[in-house]
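**Q** One structure coming up, written as structure tokens, with questions to follow.
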Amino acid sequence: KYRFKSRSENQPLYFSVADIAYQDMLHHKEPQHIVLSGESYSGKSTNARLLIKHLCYLGDGNRGATGRVESSIKAILMMVNAGTPVNNDSTRCVLQYCLTFGKTGKMSGAVFNMYMLEKLRVATTDGTQHNFHIFYYFYDFINQQNQLKEYNLKADRNYRYLRVPPEVLPSKLKYRRDDPEGNVEKYKEFENILRDIDFNHKQLETVRKVLSAILNIGNIRFRQNGKFAEVENTDIVSRIAELLRVDEKKFMWSLTNFIMVKGGIAERRQYTTEEARDARDAVSSTLYSRLVDFIINRINMNMSFPRAVFGDTNAIIIHDMFGFECFNRNGLEQLMINTLNEQMQYHYNQRIFISEMLEMEAEDIDTINLNFYDNKTALDNLLTKPDGLFYIIDDASRSCQDQDLIMDRVSEKHSQFVKKHTATEISVAHYTGRIIYDTRAFTDINRDFVPPEMIETFRSSLDESIMLMFTNQLTKAGNLTMPFEAVQHKDETERKSYALNTLSAGCISQVNNLRTLAANFRFTCLTLLKMLSQNANLGVHFVRCIRADLEYKPRAFHSDVVQQQMKALGVLDTVIARQRGFSSRLPFEEFLRRYQFLAFDFDEPVEMTKDNCRLLFLRLKMEGWSLGKTKVFLRYYNDEFLSRLYELQVKKVIKVQSMMRALLARKRVKGGKVFKLGKKGQEHQDVAACKIQKAFRGFRDRVRLPPLVNEKSGQLNENTADFIRPFAKKWREKSIFQVLLHYRAARFQDFVNLSQQVHIYNQRMVAGLNKCTRAVPFERINMREVNSSQLGPLPVPIKKMPFRLDQIPFYDTQYMVDPANSISRQTFPNQLLMQHMEDDEPWDSPLQRNPSMTSCALTYNAYKKEQACQTNWDRMGESDNIYNQGFFRDPQQLRRNQMQMNMNAYNNAYNSYSTNYNSSNNQNWGVHRSGSRRNSLKGYAAPPPPPPPMPSSNYYRNNPNQQQRNYQQRSSYPSDPVRELQNMARNEGD
């Protein structure tokens, strides 16, 4: 129904979004992004799975490719999904599904990226927060298979990390924790999926042992021994060491001791009981995070071969992330989740509203005034250095302070977006409303500190996979890197590069360079914004998921809840912007390159000019378009019409090509060419015999000489090594290998000499400037002095820029002279500088524009001391802005805030307002509507609200007084939001 159809042919559904993204990918040859957003339990993950299912249906053709992709996603979701008080199957990370396609549109595989896994959920003490699904699947499966003793587990489910209550309370949601029988089948499916993706038995056994070890770590108890802690149940430590194959003594010592380096001297310190518990929970959380990274990297590695065989020139990336959430007690995890959603909303505003207004202004198109709520100031209060909330949390964590420092710094800011609520709580104004956060555990959670001694213990594990998890470096987002095998591709020139956690992406040591959770979070947000803002032609499709009710009833609908989400997500503002604006904006060259064959002949010369763009529109008899200085501006229906016409023409071309190929094939067959044996035939036979002999010799040698390295045991085969050794020696001696080594050494020596000269010159120049430059206060300079005896001969007056040596950055080049440094570091001396600059990069740097251009965008920041940026709902008379209203979601009771109740009954509130307004100021608004937004808000009253939904009757149309009386009688009835939205959009279009 939705396959290769336009948007207007079907109802707006996620299938249509997937179909449009697939068509745009093939049509524009650009990667397409689909971003799903909404609050928790609004259906984002479900819609993402349905999107992927439809894309697999559209890209089906390569044997087994779509099945491997869908099964891999199932396995990943089992590891990263968990139950919350609001959602029984909530995604607790940011997932990117990068589906790859070949030139013809057939799916070849996928690349999976995971960011910001909520690993603290493993060890949380909140009983309402369930653990990840895989723990319940694993334990119930092992219990059903009677294998508990093999993995050192007990028969009862009394494990601290499972958080199973003594009595299961009745709930409207069905949680995985309460379904042991279903969990058994789920874990069987999980292991079958990993086997299908080429996980061997040894790796599957490692997964089981790590999960069992994490459950046992949660049951380690500590007792007070004087001032310090000691392990109470040492038998569990022995079982954990056996599962992870680590040294038991080192592991026991690392649980209660750590080394602190102070003044260059290493000192042994012991934990208190509370510190030992925190260290134990940090170890289990980190161990699970490394396990998930290991499995996802292994999946990407095993799926790289089919991508290389079938091609991966095209891609569709689906972004599935946490939903906006609010619990009875919100911590640092909820703050990060909601801030990420806040940043995605900012990106949505920039792409939908700001970009369009800026391009229309730059291209001399009649600018329209698009109204929306700009949340940049709220994000500045959260992410800007040095006074942003996350930087304040980092400062408190590094200085070992508690929440008092956070509360004091927040109070000093006097911001309306981040306020002090109580002695230990702060309130943050998000785009959905104001939420209260408890800061008591902010600093401890943010440190995310695992003792280096424990890391070294895991690095000495005899299990190769566990050793790799704690040996390789981490990315700046905190993900594990792994060595990826190089795969020969069909066409390297046309192959796209995808974000993989290879060893080259690792830059953070697991022992030395420790990063906080806030630092990883800021880098993740910046990475997502950069990915979605790579270029202006990048296709980004938004899916706004809306939760229909709070009571978990089938087919339930609460109008006030839906209206509040539609207002927060800017749905109505987007509808108005799409009707009045230009959704597609293409340069002349790109536009003619795509669509010139629709209106011009193949032999007709076409120059990339504005006149030819206008001629194309006239020949196709299109309306609603506009031409700027360098770009073509298209309405949403123009873009759809051109895409459909393009597709029809391409199908006709393919049909003609297939018919011509069939005709030529029939002619060749009817010609009946007979190949006679002769000298030429004898030569063909000789060539065939040589090929057969060559293949047979190769087969015989491969049987005699097995592979050099055994994949299962990892041991070297001596017979094969002895056979290869003389050939390798001869190659080293006689080939160009030695010449290349000498050439590289000579060039390296030349580079060292040049670096030494640069260093000497640099030091001499800085020393001279320091010697002759003095900082003189400006007030001590007499600008009117003309006595030549004091000033000496006056030089020719020249205008100069102010010069201060301390304002010029000085880069020490001493490290360039050191020959001990690696080649890569000397070849790219700015890498360390660039890494430091990335850490200090502003959160909105991917979306920053020229200030001269942004001055025309009159958003909230242009008049922050005045009234906040108004939306269409605000113009209807809402007294309070959305960020001043509390946001609350309680699954046990339906509680609605004041703003939601006002919105539900806004017909009563605005009836008299509309009557009084129509008589006086309606004409003035129409005259000045096209002016600047500041003037429209300051000089004139707000416009009247659109008329309410009415029956389409001629009687009402011809009798406006009767229409008004009827509306007054019906205003007490609850409004239909869908019909109301349609009428409002229709009237705005008129």
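Each residue, glycine too, has its Cβ placed from N, Cα and C.
The following feature annotations were taken from TrEMBL:
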type     : residues                                               : note
DOMAIN   : 1-650                                                  : domain 'Myosin motor'
BINDING  : Gly38, Glu39, Ser40, Tyr41, Ser42, Gly43, Lys44, Ser45 : ATP binding site
REGION   : 921-990                                                : region 'Disordered'
COMPBIAS : 942-951                                                : compositional bias 'Pro residues'
COMPBIAS : 952-975                                                : compositional bias 'Low complexity'
**Q** Among Gly38, Gly43, all listed as binding-site residues, which has the most CB atoms within 10 Å of its CB?
**A** Gly38
**Q** Just to confirm my parser: what is the rounded mean pLDDT across the domain 'Myosin motor' (1-650)?
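**A** PLDDT averaged over the stretch: 87.
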**Q** What other residues of the same chain, not counting Gly38, Glu39, Ser40, Tyr41, Ser42, Gly43, Lys44, Ser45, have a CB atom within 8 A of the CB centroid of the ATP site?
**A** Asn87, Gly323, Cys545, Arg547
**Q** Do any residues at least six apart in sequence from Ser42 (ATP binding site), in the same chain, have a Cβ closer than 8 Å to its Cβ, and if so which, in order?
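**A** The answer is Gly323, Cys545, Ile546, Arg547, Gln565.
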